[in-house]
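Structure, as structure tokens:
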């Protein structure tokens, strides 16, 4: 069983991520993880923090000479700003009082759309600092690091590869008639400031981001993650909590600021008649079973069906807005303007990288549940045996 967990605060000493249950023999390096984290910092409209946020990574456990050992893999991502926050975020009690100013000033004006107010109520804080430190999207760096480990496992054991791109940002839609990106388009997507292959839409999106920045506002959008090479039969229909589409939806909704998910054509399917909503089954020129379309997004009955898996997520505009919204100061009970933490005009392109990491982790878990194996070689043999058990025309 594959499990993962993250720990750490936005301005704490480090983020820590751990993944347990990974087979032995997965090739992984510190450089792989550093490169993945660099992709998370890309994207037009990112804030000032991205200019100096450098991710110093250490593989602490579970890897020897570039290969996983089958034991838990732990990763540390150091915070390069830690010296500025040593006292404010100290784990140990201080032997002196800190002035309630500067970085230690109480954050008593919760931001609408953030975890601030409800987190303060839930955990009994009179200051939003403890809430925003953990609820911050900085935590997603941990998940991107774990997602890189999952990427290597999926590719080496199953030949599964993924790619993510932006399909809408700030109300600007990319052209739906363009071919879907493939993993071979990764370099071109990384080169795009808004992670799209649609150059016309790219220019209009950049213009919208510039407008939002001038207006001290923020923008949301829609991302899509595609998974290629996923064999049929991952996930199951027998219990609702083991359905692959349910797990993918949960993984995307667990990313900060995401408010909607669809698999395949998703909500469009609700407006179509049944005769136009499903993917007809045919025998292709090679004598094998095939489909005429992929409206289901590669998942039917909670199981992968062998087609490309398509998952979309809708991200709301970042609620840390320079043009601060109305709130209430919880210390005085009076109306006030919300605190304005350093933020981005949009983080949709970067969020696509996070979403891709979560899809990878979910697919890795469900693929391992299906095929098992204590080593990559054993997992690969199990996959080959499974595929060989099908009649020739069903492969």
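Placed from the backbone N, Cα and C atoms, the Cβ positions cover glycine too.
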Per Swiss-Prot, which of 77-98, 99-120, 121-142, 143-164 is region 'Disordered'?
99-120
Residue pair residue 316 (FMN binding site), residue 40 (NADP(+) binding site) - Cα distance, angstrom, rounded:
18
Most Cβ neighbours inside 10 Å, all chains, among the binding-site residues 40, 134, 316:
40
Which residue counts does DSSP give the region 'Disordered' (99-120) for helix, strand and coil?
8 helix, 0 strand, 14 coil
Given a separation of at least six residues and a C-beta threshold under 8 Å, show me what packs close to residue 318 (FMN binding site) in the same chain.
218, 220, 257, 343, 344, 345, 346, 347
